[in-house]
Amino acid sequence: NSSDLSPSSFILASIPGQEVAHFWMAILLCSMYILAVTGNCAVLFIVKTEPSLHTPMYFFLCMLAAIDLALSTSTVPRVLSFYWFNTREISFAACLVQMFLIHTLSAIESTVLLAMAVDRYMAICHPLRYTATLTNAATAKIGLVAMARGVVFFLPLPLLLLPLPFCGSRVLSHSFCLHQDVMNLACANTTPSVVYGLTAILLVMGLDAILICLSYILILKSVLRLASWKERLKVFSTCVAHICVVLAFYVPLIGLSVVHRFGKDLAPLVHIVMGNVYILVPAVLNPIIYGVRTKQIQRRILNLIHIYSD
């Protein structure tokens with residue numbers, strides 16, 4: 001019937017036979033979400049109130065924190081509602097909006113990570129031109145370009161799914177909506193959606209990953225020209241936090257893509273866990289990584305703890 005061809009809702013994935021474990025999984029996700037919100041809000045507050053951190057690198061870090069807050073908030077509360085109150089249905093419109101937000105925010109985060117790699121390249125390879133090139137105005141423009149790039153490339157994804165008929169299963173393989181997951185439920189030719197989705201991923205995340213690697217190849221070449229190993233380690237240590245953040249973003253992204261491509265026979269738990277790792281792990285790790293690597297952030301956090309403990 002017509003309701004089958006245009007579903008009013010989808011069913012979020014659960015772990016068969018393990019419904020009792022949903023409560024404890026929700027506790028874990030809630031703890032991670034609180035940690036992500038607290039850590040990223042702390043980064044935003046500290047960078048705002050610490051004049052010595054008013055540099056492009058930390059403005060990009062603020063963008064990263066804002067993106068992680070938006071990405072986790074667009075998914076985790078709905079997932080917690082499912083686990084705690086068993087509200088498994090998500091409306092078709094809400095699913096498309098959530099999908100758009102997840103993919104667009106991920107694309108924006110990828111672009112910001114590329115901008116941070118360029119920042120490190122300029123600071124190490126062209127220090128005399130760094131201040132003149134990466135001004136506050138240039139940093140703001142890069143942020144706007146990152147937003148526009150994400151929206152332009154990923155807005156067509158839900159639009160391509162909108163006219164498709166869904167006449168079979170409505171059960172997703174994750175606790176939230178992803179493009180490939182929803183697309184696989186359609187009972188029509190999805191070639192345009194497949195081709196466009198793959199092209200968007202390659203032109204955004206794929207291209208960004210290649211350019212980040214190229215930036216670090218150039219950085220390594222510049223670092224290896226330094227006279228002593230002590231100098232080399234000191235200079236390259238300024239890149240360690242960014243490298244860790246890049247890995248925290250791309251490793252779950254690649255893992256989730258592999259599960260989608262080759263994991264059709266895997267247990268539902270694998271899909272659910274990989275999806276949650278992709279959404280929450282970068283948001284949790286990013287503020288921790290920069291908190292450990294940045295003395296100014298460490299000092300401000302210790303000062304805040306001391307103030308509130310008194």
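Just so you know, glycine gets a Cβ as well, placed from its N, Cα and C.
A TrEMBL annotation is a machine prediction, not a hand-curated record.
The following features are taken from TrEMBL:
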TRANSMEM  20-46  transmembrane segment
DOMAIN    39-290  domain 'G-protein coupled receptors family 1 profile'
TRANSMEM  58-84  transmembrane segment
TRANSMEM  90-118  transmembrane segment
TRANSMEM  139-162  transmembrane segment
TRANSMEM  194-219  transmembrane segment
TRANSMEM  240-263  transmembrane segment
TRANSMEM  269-292  transmembrane segment
Contact ranking winner - 20-46, 90-118, 139-162, 194-219 against the transmembrane segment (269-292), Cβ under 8 Å = 20-46
Ask   = In the same chain, which residue numbers or ranges, 6 or more beyond the ends of the transmembrane segment (194-219), come under 8 angstroms Cβ to Cβ?
value = 103, 106-107, 110-111, 113-114, 117-118, 120-121, 124-125, 149-150, 153-154, 156-157, 160, 179-180, 183, 236, 239, 243, 246, 250, 253, 257
Ask   = Mean pLDDT for the domain 'G-protein coupled receptors family 1 profile' (39-290), as a whole number?
value = 91
